[in-house]
Each structure stands twice: as structure tokens, then as C-alpha cells.
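Notes for the one structure printed next.
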Amino acid sequence: MPLCTLRQMLGEARKHKYGVGAFNVNNMEQIQGIMKAVVQLKSPVILQCSRGALKYSDMIYLKKLCEAALEKHPDIPICIHLDHGDTLESVKMAIDLGFSSVMIDASHHPFDENVRITKEVVAYAHARGVSVEAELGTLGGIEEDVQNTVQLTEPQDAKKFVELTGVDALAVAIGTSHGAYKFKSESDIRLAIDRVKTISDLTGIPLVMHGSSSVPKDVKDMINKYGGKMPDAVGVPIESIVHAIGEGVCKINVDSDSRMAMTGAIRKVFVEHPEKFDPRDYLGPGRDAITEMLIPKIKAFGSAGHAGDYKVVSLEEAKAWYK
């Protein structure tokens with residue numbers, strides 16, 4: 001099975017009203033942990049690489065690890081996605097290396113400049129059958145060393161942006177933020193999910209929810225129990241994510257939850273078995289913790305059982321969509 005494009009994967013999700021998890025990866029164990037979950041549940045999946053991940057692991061290493069997942073699990077639709085590409089050059093590099101989807105994030109620019117940059121990326125990507133996600137509005141928190149304050153996506157701006165750029169998916173700002181500290185407290189959680197359906201109806205394309213880690217209390221407690229310091233971490237309730245999926249969100253970005261699951265498991269090994277020094281003795285439990293974390297999420301997103309619903313279209317075939 002070839003790599004799946006974001007357009008096809010999210011098009012199916014939008015049609016059948018479920019969400020697909022987009023899980024950030026940095027190394028082999030994360031990819032294996034994610035794949036174990038989606039294989040067990042027969043779910044499509046998006047493996048995405050951020051700028052920080054590419055600096056850490058190198059784009060070629062990560063691409064080859066993701067391709068290994070595709071080779072080992074040919075029955076699972078897999079999209080390899082560049083997360084938060086910030087320049088045309090970085091996006092071109094990912095496309096030329098064989099990524100099936102890219103995000104160009106020019107949301108920190110004024111509207112017209114965001115449109116201009118995004119159109120350049122769309123032209124380059126679509127000529128090669130590659131899907132494009134863009135962002136309008138800004139999320140709070142810190143994403144790869146870039147600090148932002150929240151600016152919610154305006155529905156009419158979203159409609160105009162999609163019409164002008166021709167993007168395949170749009171990341172909308174509805175009050176979530178990057179990182180594990182999304183809100184000051186659980187009582188402070190405020191999300192503008194009411195905007196999602198309006199934007200979905202106006203644009204007619206799949207929407208993306210960034211900053212969607214739930215920061216489960218049991219995982220946070222484990223980290224703190226074994227020497228960590230995350231007392232004030234607060235995430236997005238899974239119920240809010242499910243609500244957003246029902247309104248038009250099709251791609252759900254999750255990063256912090258996987259990191260926390262792996263960190264908690266590794267800390268536990270270090271404290272309970274200080275004699276261990278073989279990386280397999282702690283990376284293995286970390287990998288398993290990711291699987292355990294993601295299984296209930298994937299079920300909640302509704303994508304379980306949908307891996308065999310469609311025949312994946314190759315990038316070469318996908319070029320015809322844009323002619």
C-alpha cells in the first residue's frame with residue numbers, strides 16, 4: 001500500500017464523521033507504540049514530524065522509520081505529515097523526500113501574507129500529489145520554541161482563506177494551546193467549539209484541532225510520583241474533542257500525551273530498578289505506555305475499524321485531483 005494523502009484520509013473521515021489521530025514522532029519507539037495501537041484497532045493514522053523532531057532525528061531517519069511502519073503494516077493507511085513547516089524551503093524538502101502531506105504554518109503573518117505563502121506551498125505540493133494543511137488564527141502556548149497568544153479563527157476569514165489558497169485541510173484556533181499546560185486550571189477550560197461547525201460549513205473542507213492532548217491525571221500523577229514536576233498540567237477534555245469531531249474536526253493533533261506516557265513509564269523503571277542500564281529495559285515500557293495511552297483515544301475519535309474502508313490513492317494518482 002502506498003502512503004496515503006491527507007486529503008484522502010480526512011475526506012473519508014469527514015464523510016463518515018470520525019476523527020483521525022495525528023501523533024507526533026521523534027524516534028523508533030514512539031512510532032512502534034503508535035503502530036501497535038492502530039494495528040490492534042484497525043485504524044488509519046497520521047505520523048507527523050515537527051521541526052523540532054526533524055532537528056533531533058533528521059528528516060531522513062524519521063521518514064525511513066515511518067516507511068518501515070508502512071512496510072510492516074500494509075493494511076493500515078498511513079499518512080506521513082510535516083507538522084508546522086514554517087518556510088517554503090522546509091516544506092519543499094519534506095515533499096521531495098516523499099512526505100505525503102505537509103503543513104505550512106504562516107499564521108503568525110498578516111492575512112494577505114499568510115495567503116501568499118500558503119499559495120506558493122499549495123502550487124508546489126499539489127503538482128506532486130501532496131496534500132497541504134494550513135493554519136488561520138493562532139494557538140497559545142509554545143510550539144517548537146515559538147511562543148504565541150490565542151487569536152481565534154474567524155469563520156468568514158476561514159472561508160476566504162480556503163477559497164484563495166485551495167488548501168486541503170485547515171487548522172483552526174478555538175482556544176486550545178500547545179504543550180501540557182493548556183489552561184490555568186480545569187475550571188478555566190474554555191473552548192469555542194461553536195465556531196467549528198460554522199467554519200466547516202463555510203469552507204467545506206476537513207478541519208484540524210491542534211493542541212489536543214488531554215493530559216490524563218493518572219499519567220501526570222505517575223510522573224510526579226517518580227520524581228517529575230508537572231503539578232499544574234491541564235489538557236483538553238476528551239469529551240470536548242469528541243464534540244469538535246461531531247462538528248467538523250477530522251484531524252486531531254496529539255503530542256504531549258504520548259510524551260508524558262513514555263516519560264512516566266521510564267521514570268518508574270529508573271526509580272524501581274536503579275540497576276537497569278540497558279536502554280531496552282526502559283524504552284520498551286515507554287513504548288508500551290504510548291500504546292496504552294492511545295488505544296482509548298483512537299476509540300473515542302471514532303477511527304477504529306476504518307482502516308479497510310478505502311483503497312489508498314498514490315501520490316501520482318492524486319495529481320489528477322488538482323488539474
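The backbone N, Cα and C atoms fix where each Cβ goes, glycine too.
Values in this document were obtained by computation on a predicted structure and should not be read as measured data.
Marked as beta-D-fructose 1,6-bisphosphate binding site by Swiss-Prot: SER50, HIS178, GLY179, LYS182, GLY211, SER213, ASN253, ASP255, SER256, ARG259, ARG280. The active site, proton donor annotation in Swiss-Prot covers ASP83, and the record cites experimental evidence as its basis. Residues annotated as Zn(2+) binding site in Swiss-Prot: HIS84, HIS178, HIS210.
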Ask   = With every protein chain in view, how many other Cβ atoms are within 10 Å of the Cβ of ASN253 (beta-D-fructose 1,6-bisphosphate binding site)?
value = 27
Request  = Would you count the other CB atoms within 10 A of the CB of HIS210 (Zn(2+) binding site), including those on all shown protein chains?
outcome  = 26
Query = Going by DSSP, is GLY211 (beta-D-fructose 1,6-bisphosphate binding site) part of a helix, a strand, or coil?
reply = coil
Key: Cα-proximity to HIS210 (Zn(2+) binding site), 10 Å cut-off, over binding-site residues SER50, SER256, ARG280   = none
Message = By the count of other Cβ atoms within 10 Å, pick out the sparsest of the binding-site residues HIS84, ARG280.
response = ARG280
Task = Round to the nearest Å and give the CA-to-CA distance linking ARG280 (beta-D-fructose 1,6-bisphosphate binding site) with HIS84 (Zn(2+) binding site).
result = 31
Request  = Note down the number of other Cβ atoms within 10 Å of the Cβ of SER256 (beta-D-fructose 1,6-bisphosphate binding site), including every protein chain shown.
outcome  = 24
